[in-house]
Amino acid sequence: MADIDVTHTCGSPVEHTLPATSNEPPAHVLQTVPDNASQSRSDSSKQKEVDFSHPSTINDPDVIFFVEFDEGDGRNPINFSVFRKWAITFTACGFTGITAAAISSYTMGFITMTRDLNCSTLQASVGLSVYALGFSLVPLLTSSLSEEFGRFRLYIISTLMFMLTQIMVALAPNIQTVIIARVLGGGFGSTGATLVGGTIADIWKPHERGFPMALFAIAAVGSTGLGPLLAGWIEENPNLHWRWIQWISIIVLNSLRSVTGLYLVGLLLFLKETRSDIILSRLAQKLRKEKNDERYRARAEIEKPGLTTLIKISSIRPISLLLTEPTVLSFSLWIGFTWGVLFCFIDSISGEMESIYGFSVGERGTAFISITIGSIFGWFANMYQERLYRKYVDKKGPEARLCLALVAAFLLPTGMFVYAWTARPSIHWIVPLIGLTIFMTGAFIIYQVVFVYLADCYGPYASSALAGQSMCRNLLASVFPLFTQQMYSRLTYKWANTLFALISIAMIPVPYILFIYGSAIRKRSKVSQKILVMAEEQALREKRSFTNALGTSTS
């Protein structure tokens with residue numbers, strides 16, 4: 001049964017606790033002095049007398065019954081069964097993996113796509129770029145929609161629409177239709193990147209989130225290497241080609257007909273709404289209807305701003321933090337450059353393996369498995385990072401999250417150099433792929449570090465800070481493939497990748513500067529100062545709440 005907090009609509013709260021003998025649902029009660037009262041708020045003897053033992057008997061229209069969860073309430077997402085939690089986690093991460101695989105599997109069909117649609121390779125590459133463009137912009141809107149309508153509806157709508165965009169690509173009569181479908185697919189697929197982290201936070205307690213978040217990261221990054229593994233062999237089959245990359249890879253991985261149908265069934269069977277404020281709002285709405293009493297409310301209905309305000313905040317604040325916060329900007333440019341290079345590699349691995357080693361299309365797709373292997377290595381490295389964090393957090397604060405980022409700063413250019421200088425006929429093909437694996441290990445470490453580091457630094461503004469870096473990262477990822485073919489054509493694979501490595505070397509100081517001076521940089525930040533004030537106020541409220549509860553229990 002849900003708790004019901006009872007409070008006046010105005011005034012400063014004084015906490016009470018209902019006796020367990022009440023026939024009404026157990027409640028934690030807030031009694032306040034109306035603002036229009038002439039009494040001093042500090043004079044508790046002049047507070048309005050209300051019988052809180054039976055909330056339904058209270059006729060005061062200025063009283064609101066706040067609906068809250070009981071401790072252990074099964075409707076509270078944090079109290080879901082372990083089976084349901086893992087079912088939700090795997091289902092949500094499955095969508096992440098599907099959308100990530102669609103990024104790279106698309107590139108494996110370029111040969112027959114350019115032939116059938118009479119387009120250039122550059123035009124086909126635009127489809128790769130605009131997919132990332134959808135990932136960068138749409139989350140600014142969906143984060144607000146999830147607060148207003150909940151996550152479950154967005155999952156269902158996004159999955160259905162993503163399925164339709166994949167069908168649109170498979171049936172496209174020209175490259176313009178493919179490009180439009182890809183930008184829409186990126187937009188709807190971005191739900192897999194933006195909502196899953198929140199879903200995991202909804203159902204797992206902080207100390208339980210490590211493995212589920214790692215699973216999400218593996219799905220988001222590692223699946224990028226799995227898509228081409230299947231798509232390459234589909235493209236090589238003379239009876240299939242690029243359209244069947246959309247139809248067949250969907251059956252196993254991508255999300256169209258069969259698997260998306262099964263996936264949608266999985267959504268309906270296992271995925272439930274996980275935003276607690278949405279669930280409480282629906283419970284309050286149900287109580288209002290059953291009791292014909294408009295005073296039953298969820299706190300979110302009172303405290304949450306309107307949808308227009310939410311959209312405005314979620315659209316402006318991430319950009320503001322990105323442009324005004326040195327920590328967000330520097331880390332965003334670093335990971336943005338890394339993601340841009342990754343998308344260049346996605347666009348060029350196939351061509352490089354063909355021109356240097358004579359790989360067939362299927363073999364070129366298999367080469368992408370190095371991306372997945374590097375992601376797995378990065379995941380194991382981040383397990384060690386957690387140990388380092390626990391060891392140094394008391395001394396370094398949030399900067400303890402950056403220990404392995406200091407190493408990753410060297411892994412990135414090292415992997416690029418190996419990939420650039422060993423891709424030649426006289427050197428076995430496994431060597432440049434080892435370089436690519438080293439690069440991906442560093443990239444995965446940075447991917448995970450940026451989330452936890454910015455979340456620790458910006459607390460209540462973490463979502464906006466992460467949205468800002470995500471927008472920057474995906475915008476750069478959408479730009480890089482547009483010049484990949486021209487750059488490789490003019491500079492050759494060796495020197496183009498060497499240029500990337502040199503730029504990466506220039507960025508090595510980024511994590512070191514933040515590791516050493518991050519705390520000092522944040523002290524000069526207006527946002528960080530505001531966060532500090534908010535933390536102090538929250539600590540003061542918790543202290544008062546504890547004092548009042550202690551006084552009630554001893555009286």
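Glycine too: its Cβ is placed from the backbone N, Cα and C atoms.
Curation does not apply to TrEMBL; its annotations are automatic.
The region 'Disordered' annotation in TrEMBL covers 1-55.
Feature annotation from TrEMBL assigns compositional bias 'Polar residues' to 33-42.
The compositional bias 'Basic and acidic residues' feature in TrEMBL is assigned to 43-52.
Summarising the annotation, TrEMBL assigns domain 'Major facilitator superfamily (MFS) profile' to 85-521.
Taken from TrEMBL, the feature transmembrane segment applies to 86-109 (among others).
Per TrEMBL, the feature transmembrane segment maps to 121-142 (among others). For the transmembrane segment (121-142), the list of distant contacts is 102-103, 106-107, 110, 113-114, 154, 158, 175, 178-179, 182-191, 193-195, 311, 314-315, 318, 343, 346-347, 467, 470-475, 477-482, 484-486: same-chain residues at least six beyond its ends, Cβ to Cβ under 8 Å.
If you look up TrEMBL, you'll see 154-173 (among others) marked as transmembrane segment.
The annotation transmembrane segment is assigned in TrEMBL to 179-201 (among others).
Under 8 Å from some Cβ of the transmembrane segment (213-234) lie the Cβ atoms of residues 89-90, 92-94, 96-98, 100-109, 192-193, 196-197, 200, 240-241, 244-245, 248-249, 252-254, 342, 346, 350, 361-366, 368-373, 375-376, 378-379, 382-383, 440, 443-444, 447-448, 451, all in the same chain and six or more residues away from its ends. The transmembrane segment annotation in TrEMBL covers 213-234 (among others).
As annotated by TrEMBL, transmembrane segment applies to 246-271 (among others).
Residues or ranges marked as transmembrane segment in TrEMBL: 327-349 (among others). Tertiary neighbourhood of the transmembrane segment (327-349): same-chain residues 103-104, 107, 125, 128-129, 132, 224, 321, 364, 367-368, 371, 412, 416, 419, 436, 439-440, 442-443, 446-447, 450, 453-454, 457-458, 465, 468-469, 472-481, 484-485, 488, 493, 500, 503-504, 507, 510-511, 513-514, 518, 521-522, 525, selected by CB-CB distance under 8 Å and a gap of 6+ residues from either end.
Taken from TrEMBL, the feature transmembrane segment covers 361-381 (among others).
For the transmembrane segment (402-421), same-chain residues at least 6 beyond its ends with a Cβ under 8 Å from one of its own Cβ atoms are 338, 341, 345, 381-382, 384-385, 388-389, 392, 431-432, 434-443, 445-446, 449, 453, 493-498, 500-502, 504-505, 507-508, 510-512, 514-515, 518. Among the features that TrEMBL reports, transmembrane segment is placed at 402-421 (among others).
Residues annotated as transmembrane segment in TrEMBL: 427-454 (among others). Long-range contacts of the transmembrane segment (427-454) within its own chain (CB-CB distance under 8 A, at least 6 residues past either end) are made by residues 197, 213-214, 217, 220-222, 225, 327-328, 331, 334-335, 338-339, 341-342, 345, 349, 352-353, 356-357, 359, 367, 370-371, 373-375, 377-379, 381-382, 385, 398, 401-402, 404-405, 407-412, 414-420, 462, 465-466, 469, 514.
Sequence-distant contacts of the transmembrane segment (461-483) (same chain, six or more residues past either end, CB-CB distance under 8 Å): 122, 125-126, 128-133, 135-137, 139-140, 143, 193-194, 313-314, 317-322, 325, 328, 331-333, 335-337, 339-344, 346-347, 450-451, 454-455, 527, 531. The transmembrane segment annotation in TrEMBL covers 461-483 (among others).
According to TrEMBL, the transmembrane segment annotation covers 495-517 (among others).
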Among the ranges 86-109, 179-201, 495-517, the one whose Cβ pairs under 8 Å to the transmembrane segment (361-381) are most numerous: 86-109
Tertiary contacts of the transmembrane segment (179-201), as residues 6+ beyond its ends and Cβ separation under 8 Å: 88-89, 92-93, 95-100, 102, 106, 123, 126-128, 130-135, 137-139, 142-143, 146, 151, 154-155, 157-158, 161-162, 165-166, 168-169, 172, 209, 212-213, 216, 219-220, 274-275, 451, 467, 470
For the transmembrane segment (495-517), distant same-chain residues with Cβ under 8 A (at least six beyond the ends): 327, 330-331, 333-334, 337-338, 341, 344, 396, 399, 402-403, 405-406, 408-410, 412-413, 416-417, 419-421, 453, 487-488
Average pLDDT across the domain 'Major facilitator superfamily (MFS) profile' (85-521), rounded to a whole number: 83
